[in-house]
């Protein structure tokens, strides 16, 4: 590994051997011990990864090409599960559409909200620490409890949300039972937990050198200008991290849907992972469920790759020099 | 059907089942992925290994269920001192996934509780057919359990012995009836007498409704059956929900909400409070009548000042009412099915079921016990409730065909009927839509 390679890198005083390759330097005892310890300490993770992640993942690729009820032996069906999902399933495209709708709106919106709050809490206001705690607090509440709270919040007549809307003359929708409003309701609920991103952004803000602001101030930059020209570029690595995590998390949204709507009404809020769960563990179609998982995997990879591909244009690292 | 399984889809409340199922999902996936496919039996009576004396029994439920089952297992241990019987109580919300994992990894129980999902297992050769044992033991299923004795048959074989079975009954609030000057319900009520009463008991000014509603499948399936229809063909399990009889029953059901306005819609319930459904609204006096299972006896008895009683569910052209029950079965992986059967036979006898009645857990399936004072006049219940309604309903119990695609059927029903119960589509359109969805998921047995 790196320990070995470092000793074998050309130009470090090793003489090239007859075959043109540097001869393998004999590992000094303390290095050998270090390597052994490395493997010793990494092994729980490696074993866990192989047994609980890689193994089941490979098994599920196989399963996705079979029909398996989990009791009788799997039956090989080739690409049938994928073909059925993509061409003949009555809800699959609707479900993927719902999931994309949720992810594409909730992730940028959540990032904007958490950036706004972070900027607010970075100001020198009284009780700043208290506010920071309060903003992070929703993030600590289990999603199950959050769902129960929002079940009340979204109640069509008696819920505080629609009561507030009625104060300004708007008749609020029947959030969780109306096909048009159930996804916006879930997105609204996701915003309540934007405080998680806020904490990371605040930490990032603390790391921005004060000199940059001093220089900007001398140059006569307004606070708005300072935000966009100093704070924001300096925060882009954190924002990028939030984006990737947001994409992965939102495509895998499960508990909120499962608890709050069960995917209803008529699959208007059904998402990819709850559908996968239904197929595999309620309907005993393990193969079909595995195929959904792999399609979802490809979709998440594609969006993540897209984010990485564009990141060069807008993510700045401190040490980086831009022309 | 245990009480935690009974969440009405119309008032889609957060059930504990769905809460924990989410948490359990990841774990179940790992467990299953790690073990290969289970083997199927040939469907015949397997060999028994008489040396296998440590038996495991899986049941679902909460604390009250645990106490009742343990009391019964203790009785069985006295009866069969050679065996050790270990009771495994699994929370309802994880039960199906957990036993699925156990069976797939060949660590299945020796005795297992099942309900509507029985044929998920039997259709995949995971249960021992019991007919040979039943005839050898001289057990008369019809005499011992009534029509429910037929419930756990699949493809000509019997797979389960009924253990718990209580008809859905009509709970009513006596004070609200007295205030409206109406006679209490009886077994003679039909759709018209019921509707007249429900109208008289509805008072929008007080936010009071005559009836809790019929949006939950045991309720409207009963109405369809009462009208001479069937959601699932009793023989083949094929869907027939858009028959004229079924559509007429559905229309009558929907009219309760939107024409006569005698039952709260899902919107009304969500405005009453979180987790609010018919059972809760009945306890608060917001609905005067509610049709549900035995579990509400204990729930209602605990409410101070609630003056209530029960009557058999009303009838239509025919008598038909759903029941909530479960059976005990033997998985094919069980090593000593002979011993499993002997214990099941004891547990479903009047003697073995007595703790169900004594502790007020549920309605025992055994008719002898159901008609005895142990069940009808129990010590745990101070209220003077007419528990007679349960045995009185026993012979009108109808059971929908327990198809192997039961869970998928439930999902199709929820999906197709969401707009129906909100008054956004009519009975015929909904029934046609549901029919085509069901035809997609259900493969009729014949």
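Cβ coordinates are placed from backbone N, Cα and C, and glycine is handled just like the others.
Annotated domain 'ABC transmembrane type-1' per TrEMBL: A:96-307, in sequence order.
Per TrEMBL, the feature region 'Disordered' maps to A:1-28.
The annotation transmembrane segment is assigned in TrEMBL to A:36-65 (among others).
If you look at the transmembrane segment (A:100-121), the same-chain residues 6 or more away from its ends with a CB under 8 A from one of its CBs are 128, 131-132, 135, 183, 186-187, 190-191, 193-198, 201-202, 205, 227, 231, 235, 239, 242-243, 246-247, 250-251, 253, 271, 303. For A:100-121 (among others), the entry in TrEMBL reads transmembrane segment.
For the transmembrane segment (A:133-154), the list of distant contacts is 117, 121, 160-162, 175-176, 185, 189, 192-193, 195-196, 198-199, 255-256, 259-260: same-chain residues at least six beyond its ends, Cβ to Cβ under 8 Å. Residues annotated as transmembrane segment in TrEMBL: A:133-154 (among others).
The transmembrane segment annotation in TrEMBL covers A:185-203 (among others).
Taken from TrEMBL, the feature transmembrane segment applies to A:235-259 (among others).
Taken from TrEMBL, the feature transmembrane segment applies to A:291-316 (among others). Here the transmembrane segment (A:291-316) has Cβ contacts under 8 Å with residues 60-61, 64, 81-82, 85-86, 92, 96, 99, 103, 233-234, 236-237, 239-240, 243-244, 247-248, 251-252, 272-273, 275-276, 279, 322 of the same chain, all six or more residues outside its ends.
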